[in-house]
Amino acid sequence: MGAVTDDEVIRKRLLIDGDGAGDDRRINLLVKSFIKWCNSGSQEEGYSQYQRMLSTLSQCEFSMGKTLLVYDMNLREMENYEKIYKEIECSIAGAHEKIAECKKQILQAKRIRKNRQEYDALAKVIQHHPDRHETLKELEALGKELEHLSHIKESVEDKLELRRKQFHVLLSTIHELQQTLENDDKLSEVDEAQESTMEADPKP
């Protein structure tokens with residue numbers, strides 16, 4: 001067991017004494033001794049009562065000193081309790097701050113984890129696509145092919161326009177030829193009619 005402190009000894013004595021309950025008894029005893037001392041009939045009896053009063057006064061002084069010590073001890077304990085209370089409050093406030101900081105760190109860690117997952121998913125998607133250099137090459141080749149096809153288209157359109165014009169000229173020629181043939185047929189019919197008329201008329 002550890003050493004017993006003075007405060008513990010005083011506390012035990014207070015418990016035994018009934019927390020100062022004997023002071024009233026001592027005061028009553030002091031008053032009775034004082035009355036007996038005043039009414040003493042002999043010097044010996046007066047001296048005896050005087051010694052009792054001194055003893056009772058010493059006990060009262062000791063009790064008062066003990067009470068003051070207990071009071072000071074209680075004040076020190078109250079100050080100590082207030083100090084401990086403030087330390088506990090500071091510890092609680094510090095714990096709340098640490099909890100808030102931990103929550104922020106957890107949220108930040110969640111965001112970092114989410115960003116990392118999104119980055120990994122995007123990286124997988126990018127890996128399935130061709131390389132940028134190869135894509136540029138393909139785009140360049142497609143551009144050249146498109147340019148070549150554009151030239152071919154222009155050439156085909158030019159040829160088609162030429163054929164359209166030639167067909168138009170051919171149709172015009174055929175139309176003129178038909179007109180000519182029709183005119184020739186009409187002339188032949190007129191000539192035949194004239195010849196028939198001449199053959200039908202007799203010479204005089």
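Heads up, the Cβ atoms here are built off N, Cα and C, so glycines get one too.
Owing to the predicted nature of the structure, the values given are computational and were not obtained by experimental measurement.
Annotation comment: Swiss-Prot describes 146-204 as coiled coil, evidence class similarity to another entry. In the predicted model, the coiled coil (146-204) shows an average pLDDT of 81.
Residues or ranges marked as N-acetylglycine in Swiss-Prot: GLY2.
What Swiss-Prot lists as phosphothreonine is THR5, and the listing cites similarity to another entry.
Positions annotated as N6-acetyllysine by Swiss-Prot: LYS36. Cβ neighbours of LYS36 (N6-acetyllysine) (same chain, under 8 Å, six or more residues apart in sequence): GLU45, GLN49.
The region 'Interaction with NIF3L1' annotation in Swiss-Prot covers 105-204.
What Swiss-Prot records for 182-204 is region 'Disordered'.
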